[in-house]
Amino acid sequence: MVRLAAELLLLLGLLLLTLHITVLRGSGAADGPDAAAGNASQAQLQNNLNVGSDTTSETSFSLSKEAPREHLDHQAAHQPFPRPRFRQETGHPSLQRDFPRSFLLDLPNFPDLSKADINGQNPNIQVTIEVVDGPDSEADKDQHPENKPSWSVPSPDWRAWWQRSLSLARANSGDQDYKYDSTSDDSNFLNPPRGWDHTAPGHRTFETKDQPEYDSTDGEGDWSLWSVCSVTCGNGNQKRTRSCGYACTATESRTCDRPNCPGIEDTFRTAATEVSLLAGSEEFNATKLFEVDTDSCERWMSCKSEFLKKYMHKVMNDLPSCPCSYPTEVAYSTADIFDRIKRKDFRWKDASGPKEKLEIYKPTARYCIRSMLSLESTTLAAQHCCYGDNMQLITRGKGAGTPNLISTEFSAELHYKVDVLPWIICKGDWSRYNEARPPNNGQKCTESPSDEDYIKQFQEAREY
């Protein structure tokens with residue numbers, strides 16, 4: 001009640017003062033008895049206003065559109081516009097002077113105050129301005145009090161942005177799960193089984209939360225996910241990497257078998273049909289061709305059909321040359337090896353597995369490789385190369401590799417009939433077999449074995 005009474009008294013005093021000044025200006029009698037009495041009344045009202053202002057120093061009121069224009073004109077004309085002091089009213093959060101949204105009132109933007117004189121006395125009136133936050137309300141960031149620092153105080157919007165930034169950073173750089181599959185069957189004699197350094201079977205999930213890129217204890221990080229298979233059909237390979245220390249990255253690869261490429265059977269259908277005549281079919285059986293009293297191996301060697309001549313010519317021109325040393329990359333997966341004679345890359349794969357039976361068909365060989373078919377191939381043949389314990393190419397003798405007229409990649413059955421069965425017919429006499437299927441040494445590698453060992457092997461084959 002005291003506060004309301006003080007405000008009413010203040011408003012009444014201002015109204016009377018305004019009316020009095022208006023009357024004085026209209027009459028023009030500034031030195032008469034009435035003027036003296038008016039001056040006394042004005043002094044009395046001014047004293048009352050000062051008393052009321054002292055007792056209600058914390059009183060504030062809101063400027064509204066309904067305030068009389070004369071009151072605003074008089075206030076602006078005789079009093080300097082005060083620097084705004086902002087208070088927190090009950091239920092209405094008003095901005096304090098220290099907040100980044102505080103601003104100075106721009107008089108030209110207010111029609112009622114545009115002509116105000118701000119050089120008069122200040123009646124010590126406090127003005128509370130309420131600013132409602134909204135998308136269209138922006139603070140004046142260019143004006144700051146003299147004693148304020150150049151940076152602004154964090155606002156709730158800034159805090160929300162910081163939380164969103166932290167969540168995005170965590171999503172991009174941390175808390176990633178890596179699936180590790182240790183049950184894949186892709187190991188061979190040069191590649192230890194996958195997961196040898198992890199004892200838990202099946203799938204494991206590695207969490208990299210709050211860890212550096214690599215483990216400082218053993219110098220190895222977690223394996224990345226396997227890459228996409230390098231081919232969409234046929235035989236390809238996949239790779240994955242992990243950190244092994246500073247400026248060190250370990251790479252691991254494995255084979256991935258996709259469905260056969262469409263069209264390869266159609267591409268080689270004619271050749272497969274013609275070659276099947278040599279292997280045996282309902283119309284022609286190679287084993288029945290030879291009589292009991294004839295040398296079957298000799299008959300096989302002397303069979304020189306026009307198709308076979310043309311086919312062998314294509315084989316010699318189509319197949320790559322054997323590398324002089326065993327390419328160790330084929331032990332892990334199929335590999336592309338550049339052929340300097342053909343001037344292009346050829347895909348190779350390891351052929352040293354148990355099913356190759358090297359101890360029977362290639363007794364002195366330790367490793368063998370076989371070229372792979374491609375859509376550019378004009379035949380179904382594959383180059384077959386074998387290597388000794390020193391990983392050097394065996395160019396002659398019983399351990400040397402010979403071209404396969406039918407690749408096992410196309411048909412294992414036809415390969416057996418065309419390439420393996422003649423060796424059986426010749427009773428393992430590699431000297432005659434290699435005469436019909438000479439080993440490849442297109443890159444002019446060092447002859448192996450030595451002349452002495454080769455002559456010894458040749459004599460043993462003849463005596464057998």
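Counting starts with 1 at the first residue shown.
Using N, Cα and C of the backbone, Cβ positions are placed for all residues, glycine too.
Swiss-Prot records N-linked glycosylation site for one of Asn39, Asn285, namely Asn39. Partner cysteine of Cys248, as given in Swiss-Prot, is Cys244 (from among Cys244, Cys256, disulfide bond). Which of Cys256, Cys261 pairs with Cys229 is settled by Swiss-Prot: its disulfide partner is Cys256.
Under the three-state DSSP scheme, Cys244 (disulfide bond) falls in the coil class. Here Cys229 (disulfide bond) is positioned 24 angstrom away from Cys248 (disulfide bond), judged by their C-alpha atoms.
Counting Cβ atoms from all protein chains shown, Cys229 (disulfide bond) has 17 others lying within 10 Å of its own Cβ. Residue pair Cys229 (disulfide bond) / Cys244 (disulfide bond) shows a Cα separation of 24 Å. In this structure, the CA atom of Cys233 (disulfide bond) is 10 Å away from the CA atom of Cys256 (disulfide bond). Between the CA atoms of Cys244 (disulfide bond) and Cys256 (disulfide bond) there is a gap of 25 Å, rounded to the nearest whole number. Long-range neighbours of Cys256 (disulfide bond) (same chain, six or more residues apart, CB within less than 8 Å of its CB): Cys229, Ser230, Val231, Asn235, Gly236, Asn237, Gln238. On the 0 to 100 pLDDT scale, the model's mean across the domain 'TSP type-1' (218-262) is 82.
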